[in-house]
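Enquirer: One structure coming up, written as structure tokens, with questions to follow.
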Amino acid sequence: MPMSLGNAFIKNFLGKAPDWYKVAIIAFLIINPIVFFLIDPFVAGWLLVAEFIFTLAMALKCYPLQPGGLLAIEAVAIGMTSPAQVKHELVANIEVLLLLVFMVAGIYFMKQLLLFIFTKILLGIRSKTLLSLAFCFAAAFLSAFLDALTVIAVVISVAVGFYSIYHKVASGNPIGDHDHTQDDTITELTRDDLENYRAFLRSLLMHAGVGTALGGVTTMVGEPQNLIIADQAGWFFGEFLIRMAPVTLPVFFCGLITCAIVEKLKICGYGAQLPDNVRQILVDFDREERKTRTNQDVAKLWIQGLIAVWLIAALALHLAAVGLIGLSVIILATSFTGVIEEHSMGKAFEEALPFTALLAVFFAVVAVIIDQELFKPVIDAVLAVEDKSTQLALFYVANGLLSMVSDNVFVGTVYINEVKAALIDGQITREQFDLLAVAINTGTNLPSVATPNGQAAFLFLLTSALAPLIRLSYGRMVIMALPYTIVLAIVGLMGIMFFLEPATAFFYDAGWISPSSGDLAPVVSGGH
């Protein structure tokens, strides 16, 4: 019997998502205006934040852009925020949007070089613990100088390459055109290997993801909010590094120790080894690649290597906005490796553009947080505390908790502006402002690894095409991040409470840094 037109509309709404999920989204859309107009806009604002987090948590059921976008459109329509405020957030974060559009596509054109290097690393280091430490340390080191999103884009690109190589062979297909999203042709014998391989890749990706947070917190270029905080405080690269060190150094070493421990104890989804069959396939693939590599292929690797040097130098020296450097990578890589057809270039943009659209929706939610002043009670309560040491610890905790819920750049920006306003009003001293700036920076960067909401790199990983392939869901990410969340949050808090003030006094006495003075930068707005 043919489907009625009414049923067809219902069936088409959110496609293959479960019926209960569709009902939940419709319920949210009905409830929100009622709460906003009849109960309290503040409550409606927090309800919207909770609903948006729900859509992220259900990312494997339905990509969050559609349900989250419907909620955001309604929020603007009923007046929770304005189109102008959403546009303001997008303009304030244009660099992040450019990064996603161009840099991620640029990385795509360097895939051959990345796969070449990482195949050597993966096959060269047999110990899973050492391999995990290598991924975590490399991601941390790169994130101290590059953007965490760029680093995660590299790791995702490599993981997709590794996954598709094995999947092609396990499916009995030639290393040609193959759909690595379908498991139908895989035999039961290799299915166990595939599950173990997925667990292996999941753990490496999470180690790398946490590595971006460990490295990103240490320098002023590591995360977008670091730049904002450094700008507000008037610190340059060296001073920022030194002022953060009393907190970031203990956290970095404890993070690496945690990496080794979770692998050894095989807890929270870690500890999966690379199956022997998979290793053999990768070894065979590497051997085959070496045999069939022509001079033209070698020339491409050399070109990609030179472009990688340009990429790292340009990012470390901040020669241009990250996205524009990414555009230069696309132009150079395609020009010198002979990719000149439009359809060949189009594939490079497939990965990042859905996430770019999702991030725009996220900024609409951030606009609601700003317009409804959802964080104001927390900020006011913390600023009202008289004891300086307690205030430092509370700032760290409050930043951490809010960064788990919202975008950590937005949280950091809001807090540094509030603290700066307090300094201008004479509520706090310049010395206390400097210490609070450290608490804000570490508070937004470290505990935010708890959920994918806080770190854009984690959110990008969760919503990437790779996540469903290796069965990486929101819940699994939270569980796998848990040991790191506990260690990073507690060690960071200990650093703020016990190491920061004496270490800063020592740095002053040693002449490494001097007490800050002078004008502060103007107020900025921002999300991620």
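Quick reminder: no glycine exception, Cβ is built from N, Cα and C everywhere.
As annotated in Swiss-Prot:
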type: TRANSMEM; residues: 23-43; note: transmembrane segment
type: TRANSMEM; residues: 45-65; note: transmembrane segment
type: TRANSMEM; residues: 90-110; note: transmembrane segment
type: TRANSMEM; residues: 136-156; note: transmembrane segment
type: TRANSMEM; residues: 204-224; note: transmembrane segment
type: TRANSMEM; residues: 242-262; note: transmembrane segment
type: TRANSMEM; residues: 305-325; note: transmembrane segment
type: TRANSMEM; residues: 350-370; note: transmembrane segment
type: TRANSMEM; residues: 392-412; note: transmembrane segment
type: TRANSMEM; residues: 450-470; note: transmembrane segment
type: TRANSMEM; residues: 479-499; note: transmembrane segment
Enquirer: Cβ under 8 Å to the transmembrane segment (450-470), counting only same-chain residues 6 or more beyond its ends: which ones?
Expert: 53, 56, 59-60, 63-64, 96, 100, 148-149, 151-153, 156, 159-160, 163, 180-181, 198, 201-202, 205, 209, 212-213, 350-351, 354-355, 358-359, 362, 403-409, 444, 477-478, 481-482, 485, 489, 528
Enquirer: So, do the transmembrane segment (204-224) and the transmembrane segment (350-370) meet, by the test of 3 or more Cβ pairs under 8 Å (sequence gap 6 or more)?
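Expert: Since fewer than 3 Cβ pairs under 8 Å link them, the transmembrane segment (204-224) and the transmembrane segment (350-370) do not come into contact.
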Enquirer: Does the transmembrane segment (305-325) reach the transmembrane segment (90-110) with at least 3 CB pairs under 8 A, where each pair is 6 or more residues apart?
Expert: yes
Enquirer: Which stretch, 45-65, 350-370, 479-499, tops the Cβ pairs under 8 Å count with the transmembrane segment (392-412)?
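Expert: Looking only at 45-65, 350-370, 479-499, the most contacts with the transmembrane segment (392-412) come from 479-499.
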Enquirer: Do the transmembrane segment (242-262) and the transmembrane segment (45-65) come together with 3 or more C-beta pairs under 8 Å, pairs six or more apart in sequence?
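Expert: Between the transmembrane segment (45-65) and the transmembrane segment (242-262), which are separate recorded stretches, there is no contact, as judged by 3 or more close Cβ pairs.
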